[in-house]
Each structure stands twice: as C-alpha cells, then as structure tokens.
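Contents: one structure, followed by commentary.
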Amino acid sequence: MKHTDIAARRYVPRSWRSRAEGMASYRRGGLLVLILGVCAAAAATEPLLSPTLLRCVFMENANVTCYWEPAEDTDPGTLYTLQVNETKGLNGSVFSQEQCQTEQNHCATPLLTVSAFYCVSVTAHSPRGNASSARHCLHGTHAVKLYPPVFSSLSGVQGRPRCLNLRWSQPPFFSLSSSEVSAGHLHFQLQYSTAQRPSPQIVDVDLRDKETELCLFSPFTVYNISIRYRYTHTHDYWSDWSSSLQARTEEAAPSAAPQLWRQVEPAAARGWRRVTLLWKPLPPSVANGKVLGYNMSCWVEDDLTEMDLGEYGVLRPSDTSCRLSVPPQRCSCNLSAFNSAGTSPPAAITIPSHEDTGNLNLLTNSHCPGTACTVLPPPVAVSVTPLDDHRLEVGWTAPSGQSASGFIVEWVAVSETGRHSPYWQRLNGTTVGTVITEGVKPEVCYAVSVRALYGSTAGAELSKQVYSREGAPSAGPSLQVKELRSSSVVLQWDPIPIHQRHGFIQNYTVYWKGPNGHIKRLLVRGEQRQCTLTGLSGEYSISVMANTSAGGTAGQAITVAVGRGSLSIPTILCCAVLPLLTVLMVLACLGHRERVRQHLCPQVPDPGKSSLSVWIPSIHWGDVEGSHSQPTLRSPYFVSEVMPQGKVDWQRPLVVVPMLQCGYKGYDSAEMTNHHTAHTLPAYCKATDQDITNYSYWISTKKDRLCSSYTSFCVTDSALPSPRASSVGGDDVLLSQGDLSTFPLLLQFLRQHSDPPPPSTPPPAPDTPHSSACV
C-alpha cells in the first residue's frame with residue numbers, strides 16, 4: 001500500500017502540467033515590462049548634460065567661430081545656441097550680444113573688432129530640457145587669427161651667397177598698427193623647400209622690419225618660401241601661409257674637395273706607369289655654384305719636381321677621369337674644382353712608387369715585391385650580402401692597430417674579355433658598412449673590394465666576388481674525349497665563360513646512356529675539369545651539366561664507341577702529325593731541289609761555260625778535204641803541229657766570252673792557204689736562225705796589242721759562204737762543229753802543248769773586249 005500511494009501522488013495529468021507552465025511564463029513577462037517601465041521613468045527624470053566649449057577663433061572685421069563637444073547622452077536632433085556677449089572688461093556687464101543656432105558642433109557669429117572683451121557660452125536644447133556650458137571670457141586679441149601677410153618680393157643678395165632679401169606688408173583691416181608690429185607684438189615663421197629637399201622646413205624668423213635679409217640658406221640654391229605670423233599673446237592660432245615666392249642664392253666657392261681615387265697599371269719600360277685618376281662630380285650641396293672645371297697638379301715627392309701635365313692641367317667640368325704617365329718614383333696629385341666664386345679645397349692622392357705598386361692582395365696571396373716597399377694593412381674582414389637584385393650590402397672591420405682616415409669601396413663586373421670601368425665610393429674613417437646600388441644587376445658577377453685610407457695613401461685591398469642573384473648557366477660545358485681505352489674513357493671539358501655562368505659553379509653532373517638505354521650519372525666537384533668513366537662497352541651518349549644554386553644547364557652530348565679499338569690521343573696525334581710533317585718536308589725539298597741535287601749529285605764544272613785564261617801555242621790545221629769534212633783531234637791528217645817554216649808565233653792569252661752571233665768563214669788575206677791558225681774553246685750560246693749553234697771566243701793576234709785587239713771565232717754546223725771579213729790583224733777560221741765531245745779533248749791537248757808565258761806579257765783585261773760580229 002505504501003509504494004502505491006507514493007506513485008499515485010507523483011502522477012500529474014499532462015493538461016495540468018501545460019497550464020501551469022503557461023501561467024509561469026505570463027508572470028515572467030509581466031515582471032520584465034514592469035522593470036522597463038521603471039527604467040524609462042527614471043531616464044525621463046534624469047537631467048540633460050551640458051556640452052563642453054572647446055575654442056573660439058576671432059577673425060578681424062568678420063566673425064567669431066566657436067567649437068564645442070556634445071555630451072555623451074545627447075538626444076538626436078538636439079539644438080545648440082552659441083551666445084557671444086561683448087562686455088565692458090573681463091567678466092563685466094554686457095555691452096552687446098550675438099548668437100547663432102545649429103545642430104552641428106560649431107557655429108559663427110558676426111564680429112566687428114577683436115579689440116574688446118567677450119564672454120562666450122553654448123546651450124543644448126532637447127525634450128529633456130536645456131543645458132549650458134560654462135562661460136568663457138577673454139580679450140579678442142588672445143584668440144584672434146590674423147589674415148595672412150602680403151609677401152611682395154624675394155631676391156638674392158650680391159656678394160652674400162647665403163642670404164635672401166625678403167619684403168612683406170600688412171593686409172587690409174589689420175588688427176595691429178605698424179608701431180605694434182615694430183614693437184614685437186607679432187611672432188613670425190618662414191617655410192621653405194628646395195628641389196633636393198621638397199619637404200617643407202619651418203623656422204622662426206624675425207620680420208619686424210618689412211624688408212629684411214635672412215642669411216640662413218645654402219649658396220646657389222633655389223628656394224620656395226612663404227611666411228605667416230600670429231599675435232604674441234595668441235598661442236594657438238597662426239595666420240594662413242602667404243603666397244609662395246621663389247629665388248636663388250648667389251654662388252660661393254665649392255666648400256668640399258672632390259672625391260678622388262686612382263688606378264695604377266703595371267709598369268712599362270724603365271718603371272713608368274700609366275695612372276688613371278678618377279673623381280666624382282661635386283654634389284650641388286657643396287659645389288655652391290656651376291663648376292667651370294678642375295685644376296690638377298702632380299709632382300715627384302722625392303725632389304718636389306712638378307710634372308708637366310699639358311692639357312690635363314685644366315680639365316673640363318664634364319670630365320670625371322684622366323690618364324697620366326708617371327715616373328717610377330712615388331708621386332702625389334692634387335685635384336680641385338672651381339666656379340665663378342672661387343676654388344674648392346684640394347683633394348690629394350698618393351701614387352706609390354714602382355716598387356710599392358704590387359700592394360698586398362689577400363685574395364690572391366700576392367705580396368709586394370722587393371724589401372723596401374711598405375704595405376699598409378687592409379680591413380680585417382669584408383662581407384658582401386645581396387639585399388635584392390640591385391642592392392649589395394658591404395660591411396668590413398677596420399684595421400686593428402691603425403687609424404684609418406677613410407675607406408674606398410670598389411666594385412666592378414668580372415669579365416674575361418676586358419676590364420670594365422669600376423664603380424667606387426669614398427667613405428669616412430668611422431664608417432664600417434654601406435649599401436651599393438650603382439650598376440648592380442642580377443646574374444652578373446661583381447668583384448667587391450675595400451681599402452683603408454691612411455691620409456692620401458691607400459692600404460692593401462681585401463676582395464670578394466658576389467652575385468646579387470644567381471641564375472642557371474646560359475650554356476653548358478663543351479665536352480671532349482681526352483683518352484679512349486678498351487673499357488673506359490677519360491673526359492675533359494673547358495670552364496664555362498664567366499658571362500654565361502650567371503652564378504657560382506657548385507658541381508658538374510656527368511650523364512651517360514649505354515646500349516641498354518639506362519642513364520647513369522656521376523657528380524664531379526666544381527673545381528674539377530675532367531673525369532674517367534670505367535666499365536664501358538659499346539656506344540654511349542655522354543653529356544655534362546654545370547650546376548649553380550639556381551639550376552643547371554647541360555652541354556651538347558657526344559657519342560663515344562668504347563671497345564672497338566683503343567686509339568689514344570697520342571696515337572691519333574702521331575697518325576695525323578707524322579704524315580703532315582712528311583708532306584711538309586717533301587714540299588721543302590721540292591722548293592730547294594737545286595740545292596738538294598747539288599748536295600746529292602755534285603755537278604762537274606763544264607769548261608765550255610767557264611771564263612778561262614790560259615797560255616796556248618799556235619796550232620795549225622791540216623788540209624781539209626772539202627768544206628764539209630768532220631775534224632777530229634784523233635786524226636793526224638786533220639790536226640797537226642806543223643808550224644810555218646822559219647818562224648814561231650808567240651804564245652798568246654785566250655779569253656772566252658759568250659756571244660750570240662751567226663757563223664761565218666774567214667780567210668787570211670796574206671796567205672790564202674788551207675792551213676790556218678786556230679785557237680778554240682767552246683761556249684754555248686742560244687740557238688739562232690737556221691738552227692745554227694754558235695760558239696765564240698776572243699784571242700790576241702799581236703803581242704803589241706794584247707789588251708786591245710781581239711778577233712772572233714765561230715763554229716757552226718756547216719760552212720756558210722760569207723763576204724770577206726775585215727780582221728783586226730788576225731785570222732777568222734770557220735770550223736765544222738762535228739762531235740761536240742771533242743772539245744774537252746782539244747782543251748786537254750792545248751794545255752799539254754802550251755809553254756809558260758813571257759814575263760813581260762800581261763794577260764788582257766776581260767772587261768775591255770772589242771766584239772766583231774759574225775755575218
């Protein structure tokens with residue numbers, strides 16, 4: 001019974017439960033409405049907060065404008081009333097009043113003068129009521145905003161390059177008198193800008209005088225200037241800026257020396273060097289005018305001998321370099337710029353002597369030659385970091401133990417075809433870094449160096465190479481076979497030209513594809529230029545790729561057949577060079593064949609072609625049967641030693657002279673016999689008409705005319721009839737040619753039967769013969 005009663009008490013019908021929930025919701029809604037009503041009633045009874053008056057601006061003979069800040073609980077559509085009362089003294093009785101209404105946060109009322117006391121307030125109007133701000137009383141001049149001045153003229157001052165003449169005047173209806181202005185009741189400001197500094201600069205100036213010289217400018221600079229002022233007691237309200245005027249200051253002498261640097265070329269004969277002096281144009285801020293040129297002077301430091309620079313003594317204003325020839329000694333040069341107002345301080349540079357030219361370069365570990373040269377230390381360390389494609393950040397550590405007066409930063413594009421013009425900067429001794437931008441391009445290698453300056457002397461340089469951004473090479477290596485073996489091949493390649501690398505070569509990749517179509521590769525360090533592939537057999541396609549940090553580019557592939565005969569490069573060279581040398585030797589021998597023939601087969605001198613002077617006796621011919629008989633030395637009938645009875649002719653000298661003449665037969669006019677005197681030596685002549693071969697010689701016929709009288713003798717193929725020949729006291733004899741081989745025998749016969757010449761008979765001179773032509 002007990003558990004049943006409990007269950008009965010817990011059971012509630014569903015309809016009752018829904019009705020109870022609805023009644024609870026109704027009670028809660030009524031409570032919420034009651035709370036909101038109470039809050040609305042409380043808000044309706046809360047007073048309106050007052051606006052806050054911020055400031056008032058008084059304009060002479062115009063109006064007064066006041067600004068306020070509405071309260072936080074301001075109702076929409078709140079109306080504001082500005083009340084401006086002119087009083088008799090501060091917080092005095094009201095003399096006159098003006099007001100204006102608006103829904104905005106500012107309002108303006110008419111105003112005749114600022115030279116009075118005023119009290120100002122603002123009132124807010126809303127359904128909840130009205131609320132007024134606190135009254136603010138002041139003199140009108142303490143909140144006045146003056147009209148801008150009239151800026152009438154601006155001009156430079158002759159002889160004063162830092163001054164400008166300024167003139168201004170008061171606007172109409174100005175609140176202050178001229179005496180008050182002169183007494184200093186106005187505070188002035190000047191605003192100026194230049195083309196180099198377009199941002200306006202504002203400075204306080206004293207313009208109590210209506211015409212004033214202001215000397216706070218830079219020489220030879222164009223300025224845009226405007227002015228303004230405010231009442232001394234007003235700390236908040238400046239007048240508007242006047243209209244702007246433009247003027248340029250006068251020139252002054254350059255205030256700084258040009259930046260000067262040099263490049264020394266290797267010494268030529270006797271130690272003279274070519275030196276290129278480089279300088280940068282003066283910036284306008286220190287040029288102080290239009291640069292008309294540069295003055296340069298150089299001298300030898302040992303004896304202070306000034307060098308004659310010729311046309312380089314005065315340089316054009318557009319020049320930024322000149323090339324000089326300097327002696328081996330240590331030299332110094334000065335460079336100064338000049339304009340119409342004067343000359344700049346000189347820039348000095350020292351050119352080391354011939355022994356000191358090779359200053360230490362830590363990049364190549366080269367040292368100054370000789371023991372007398374002095375090497376000043378370079379910076380301790382140099383770092384170059386790319387910032388972007390066109391900027392490189394260079395940093396260095398100053399030399400330890402040395403006080404550097406400055407630093408020279410140089411950078412130049414690295415090239416294999418020729419040296420480019422360097423870019424450079426000169427920085428002061430406290431600088432340890434700079435950002436270089438001039439001429440910097442991506443994928444171009446630059447050599448950046450830093451030198452420390454010690455006065456006018458430069459120390460050793462410290463260099464690094466860098467790219468602002470690396471790229472893949474534009475060409476691959478050119479591959480060649482160095483040696484081909486039975487199962488391997490030695491490959492070599494040339495380095496890629498630096499203008500095609502576009503980055504630092506980190507490594508090479510060698511690819512080869514064999515007969516089975518499989519591709520293999522081998523990685524080679526960047527400083528290597530060759531490799532060996534082993535275990536090869538068959539035909540292979542091989543290529544090499546050069547890799548930078550940005551990518552790689554492969555060169556043209558070559559085809560190599562391995563195992564089809566081992567031909568090394570030396571063997572190929574021998575097979576190609578030896579035949580070539582043989583051909584050259586044969587051509588050389590053909591070009592000198594006469595000399596070779598004389599060495600191999602010496603030529604026996606031909607007596608018939610020589611000039612010979614011998615002493616011969618008189619020789620008589622025997623009877624000749626017929627005019628066409630063939631004479632021979634072996635025939636006793638033809639040649640005999642028959643002499644004329646009772647007398648013997650003197651031996652005569654014989655001189656052989658080649659002549660081109662025709663043959664003829666002559667007879668002695670005294671004897672007319674078949675026995676004639678003959679003196680014969682052959683000398684070959686060219687063929688003439690009728691195929692006649694001529695031989696000729698000269699003999700003396702009388703011993704008293706040994707040097708002047710000669711008779712010609714000719715041998716022909718046949719006796720030709722001829723008219724009577726006039727002789728110079730001798731006989732002309734025609735001899736049938738017959739066998740030409742008999743002439744050497746005749747010469748031998750003549751020599752065997754000749755006697756020594758008489759002591760008093762000199763040989764005839766060969767250069768004065770008298771020729772008798774054969775007809």
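Even glycines carry a Cβ here, placed using N, Cα and C.
Residues annotated as compositional bias 'Pro residues' in TrEMBL: 755-767.
Look at TrEMBL and you will find 148-252 (among others) tagged as domain 'Fibronectin type-III'.
Residues or ranges marked as domain 'Fibronectin type-III' in TrEMBL: 257-357 (among others). As a summary of secondary structure, the domain 'Fibronectin type-III' (257-357) carries 11 helix, 46 strand, 44 coil according to DSSP.
Among the features that TrEMBL reports, domain 'Fibronectin type-III' is placed at 378-475 (among others).
As annotated by TrEMBL, domain 'Fibronectin type-III' applies to 476-565 (among others).
If you look up TrEMBL, you'll see 751-775 marked as region 'Disordered'.
Annotation source TrEMBL lists transmembrane segment at 567-590.
The average pLDDT the prediction assigns to the domain 'Fibronectin type-III' (148-252) is 93. As a summary of secondary structure, the domain 'Fibronectin type-III' (378-475) carries 0 helix, 54 strand, 44 coil according to DSSP.
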